[in-house]
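Asks: Sharing the record's features from TrEMBL:
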type	residues	note
DOMAIN	B:5-85	domain 'MrpA C-terminal/MbhE'
DOMAIN	B:110-223	domain 'Na+/H+ antiporter MnhB subunit-related protein'
TRANSMEM	B:67-84	transmembrane segment
TRANSMEM	B:105-126	transmembrane segment
TRANSMEM	B:132-151	transmembrane segment
TRANSMEM	B:171-189	transmembrane segment
TRANSMEM	B:201-221	transmembrane segment
Amino acid sequence: MERAMGLPISHLLLVTGLVLVLIGMWGVLVHRNILRIIIGFSLFGTGTHIVLVATGYVTGGTAPIIDRALPVGEAGARAVDPVPSALVVTAIVIGFSVTAIMLSYAIRLYEARKTLSIDAFTESKW
Amino acid sequence: MTRVWAAIVVFLFGAVFAGLAVGYSERTAPSELAMRYLEQVPADLGAANVVTGILITYRGFDTLGEVAVLFMVAASVGMLLSGGRGGSTSPAAVTARPARPPSELVVNGAQVVLPIAFLFGAYVIVNGHLSAGGGFQGGAVVASGVVLLVLGRPSVVLDHGFLSVTESLAGVLYVTLGILGLFFAGGFLDSHILPRGTFGAFVSAGAIPLISALLGIKVAAELSVIIDRFRN
């Protein structure tokens, strides 16, 4: 349960998250289509969330919810760190907000130039 | 040329991340803060879900700020998408545009899944203190039901006035509960204003289920408005 393909589960999550961050970064830097850049930012954010959750994992831990499977007395010994989970809930909502704002700007930019290519917007370029 | 620079940047970040991943060792015990939360949330707040307890009571002010961010986003998306586009935002203009009708699958799927999606969203919202879930998560489930609704029935018109009033009322009640905490409990947004109840019962954990429900209503209404703005 705690190991997958010979790696501890938190390592696997950490690597997945970091790779997603790199893919998102590549997408933001290379693509010229504004929608693809936004997708890159979303991947970047998702990767960061996975990394945060991975750092909260405690060996052999389960979800920090007290029920029959996790009595109150064992919570300290067998639960994962609840703080990163709580922070990621916040981060997901903020990530959604940022994506919504980026998409509405994309719509306005498309209306201005009738294209989604970032190359059409040269006013702020030096 | 851009690709070469991008490859170099991504490679360098990759090298830094590889160092992080190799040097990371899994934790064997929760931090002191986590231990405190794991003990305090069930004992002090009476909530079974530690994450919800942290979000709604201990970091309640932070959650209020987050709701404020969502509100500002709904307002600015509305401003960005409605300003300076004469006529094209009225629902009549949208329905008059010849659009491809939604596929049979989406229409029928929406009819079957929608009631279940809304019910599940409500369940997730009000059970936030007992099991995985809470206001934000359940609100997102309800809003995804709204996405399915507008995909399956493009002619449907969401009542923005009603949604705004609902959302504002939920927000005002949320802040009122927070202020009640100042007078009847330890501080702003303290959930001890209501009795703790039996641990694990549906009505328990002080004001947490109430705040969770208000959050869920607010988030669902806000996300629905944001989604609907993109439609028109």
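Cβ atoms here come from the backbone N, Cα and C positions, even for glycine.
Automatic prediction, not curation, is the source of TrEMBL annotations.
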Asks: Can you name the far-off residues of the same chain, 6+ from the ends of the transmembrane segment (B:105-126), with a Cβ under 8 Å from a Cβ of it?
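Replies: Hits for the transmembrane segment (B:105-126): 133-135, 137-139, 141-142, 144-145, 148-149, 151-153, 202, 209, 212-213, 215-217, 220.
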Asks: Using DSSP, how many residues of the domain 'MrpA C-terminal/MbhE' (B:5-85) fall into helix, strand and coil, respectively?
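Replies: Going by DSSP assignments, the domain 'MrpA C-terminal/MbhE' (B:5-85) contains 65 helix, 2 strand, 14 coil.
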Asks: Where among B:67-84, B:132-151, B:171-189 do we find the most Cβ pairs under 8 Å to the transmembrane segment (B:201-221)?
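Replies: Out of the listed stretches, B:132-151 contacts the transmembrane segment (B:201-221) most.
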Asks: State the residues, same chain only, that lie 6 or more residues beyond the ends of the transmembrane segment (B:171-189) and have a CB under 8 A from a CB inside it; answer 'none' if no residue qualifies.
Replies: 56-57, 60-61, 63-64, 67, 71, 207, 210-211, 214-215, 218
Asks: Over the span of the domain 'Na+/H+ antiporter MnhB subunit-related protein' (B:110-223), how high is the average pLDDT in this prediction?
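Replies: Reported value for the domain 'Na+/H+ antiporter MnhB subunit-related protein' (B:110-223) is a mean pLDDT of 83.
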